[in-house]
Each structure stands twice: as structure tokens, then as C-alpha cells.
Amino acid sequence: MQIESKTNTNIRSGLTLIAPFFLWGTAMVAMKGVLADTTPFFVATVRLIPAGILVLLWAMGQKRPQPQNWQGWGWIILFALVDGTLFQGFLAQGLERTGAGLGSVIIDSQPIAVALLSSWLFKEVIGGIGWLGLLLGVGGISLIGLPDEWFYQLWHLQGLSINWSGSALGSSGELWMLLASLSMAVGTVLIPFVSRRVDPVVATGWHMIIGGLPLLAIALVQDSEPWQNIDLWGWGNLAYATVFGSAIAYGIFFYLASKGNLTSLSSLTFLTPIFALSFSNLILEEQLSSLQWLGVAFTLVSIYLINQREQLKIQLRDIWSLVRKPVIND
């Protein structure tokens, strides 16, 4: 009986650990499902503002402190514009033009940019494993985002015929997703500065609300009634992306982070695009080319190498010390 109870506890802990990544991945699919009936900026607005209200209500219930000075509010506003307005705005624009699974892979490549920014701003050491991950990441994103024809022309030693008009790179969903990923990376770098002055959960709630307001204004300028064509299924998709994909996912993530599971969480980042790819294929029947699948594989390996570079370095050092250990004959 005790063994069974321990097994159930381990299963619940494991499910809780992967829950945020499952919710974030499937939320991308839910957002994609409603974009045909409304504008990208309205979807981004609904993803942010109601979720921010829910997070703040929970924070109030936990008696977490509100911002106390204008310096704290200043950091929240900056965080909101970068990680709220720009990130969700670019994401929704990109999602309208590309698949949910592919978009999620590009979005979750942001540890690549975070590593470079941290190296530049905080003098963090990337190391050999990190640089290998960065190279794989750049290659993976190139395979995902650039036209397949470019690579086939290079393979056959032909000159590149680049078309920047129409549906080419300049207006591609992959480019918007890359901008979203860069915005998220800058937002990630801002988090330590925000957390020093404001409770992180409270900052998350306010940044969702403040970041959503410019998106709401743009959505209403584009269409005075952007909700009029959304059916019951579409509202269900939006509710899922808002409640589960934002409020609950962030709540679980912060709960796990407060318990000291940051290493486990960072090592599971690659699960978000895997869930998004799986459900976009299952529900939306999205298909990728062979080169794009290769790019997905490169990018996922890159995310793992960058997030786990310190742990991998220790493991490789231990293996090397065992290999070099002299054999003592009796």
C-alpha cells in the first residue's frame, strides 16, 4: 500500500512538472484554431488581459505585495511592452501565417538568444557545449524558416534565386515568430531586474494587462467588432488559451520554480514544441517538409544543449576522469 501511494505521488509530481509545457504547446494550437474568424491582435489581447486579471486575483488571495513605487512600475511597463505587447503581437501575426507546431519550435528557440544576451550583458560563459548548441540552433532555425528551394539550390551548387516579394521571407510567418522569440528572450533577460523591485507573480499579472492594452487598441482600430465572427468553438479555444495556456500554466510554473525545480524546468523546455507539433498534426493536420523536420530536430537538440550545458559539462568531466583513471592490477 505504501509503495502504491509513493508511485501515485511520483506520477502526480511528474504530470505537474510537464503540465506548463503541455498547456503552452496546446494553447498555440487553440490560438491557431480561432485565427480564421478574427484578427491576430484580438487573439493576443484575449490571451493576455483576462489571464492577467486571473493572476492578479490569485496574487491578492495570497496577499502578495503590489508595486510600491514608480521605479517598480517603470520596470513592469518596460517588461509589459517587450514580453507582452511585442511578444504576443508578433506571435499572433506569425501564427496567422505559419503552423502552430512550427511556430512553437521557433518561439522556444529563445534560449539561444538568451544565452547570447546573457553572455554580452552579464558576462556569462557559454562554453563549448553552449556554442555547439548555438550553431545547431542557428542551423535548425534556418532550415525551418528559409525556403527549401534555397538549400536545394546550394546543394546542387546553383546560384540562389531570392524573391523578397509576395509570400517570400519578408512576409513569412517564420520571420514574425523569430521576432517574437527575440522579444521573449529580451523579456527573459529583464525578469531579474523586475523581480528585484516587484513580486514576480504580481509583475506577471500586471505585465499581461498593461501589455494587452496596446494590442486591444490596434485590434479595435483594425475592426470595431473583431469578435462578431467567433463561434462557440472559437470562444472555447480562446478560453483554453487564456485560462489554461496563460493563467494556470504560469501559476504552475511559478509554483514549481518556488520549490527549487528550476533545473528540471529548464531541461523540459523542449516539450512545448513537441506537444505543439503533435497536436497541430493531430487536430489541424499540419504537415512539415523533410528539411523542416530536420530543422526541428536540430533546434530541439540545441535547446537541450544550451539549457543543460553546465550539467552536461560536469557529466563529461566525470566521464573523462573515469576514462583517465589508471587501472590498478592486483
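Positions of Cβ are set from backbone N, Cα and C atoms, glycine also.
Taken from Swiss-Prot, the feature domain 'EamA 1' covers 22-146. For 182-308, the entry in Swiss-Prot reads domain 'EamA 2'. What Swiss-Prot lists as transmembrane segment is 15-35, 41-61, 72-92, 102-122, 125-145, 175-195, 201-221, 238-258, 264-284, 286-306, and the listing cites sequence analysis.
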Cβ-based contact of the transmembrane segment (102-122) with the transmembrane segment (15-35), 3 or more pairs under 8 Å:
yes
For the transmembrane segment (264-284): best-contacting stretch of 15-35, 41-61, 72-92, 201-221, by Cβ pairs under 8 Å:
15-35
Folded-back contacts onto the transmembrane segment (201-221), same chain, C-beta under 8 angstroms, at least six residues removed:
39, 41-42, 44-45, 47-49, 51-56, 58-59, 62, 64-67, 75-77, 79-81, 83-85, 87-89, 194-195, 246, 250, 254
Positions whose Cβ lies under 8 angstroms from the transmembrane segment (238-258), at least six residues beyond its ends:
16-17, 19-20, 23-24, 26-28, 30-31, 34, 43, 46-48, 50-51, 54-55, 58, 200-201, 204, 208, 230, 264-265
Please list, for the domain 'EamA 1' (22-146), how many residues fall into helix, strand and coil according to DSSP.
105 helix, 0 strand, 20 coil
In the domain 'EamA 2' (182-308), how many residues does DSSP call helix, how many strand, and how many coil?
101 helix, 0 strand, 26 coil
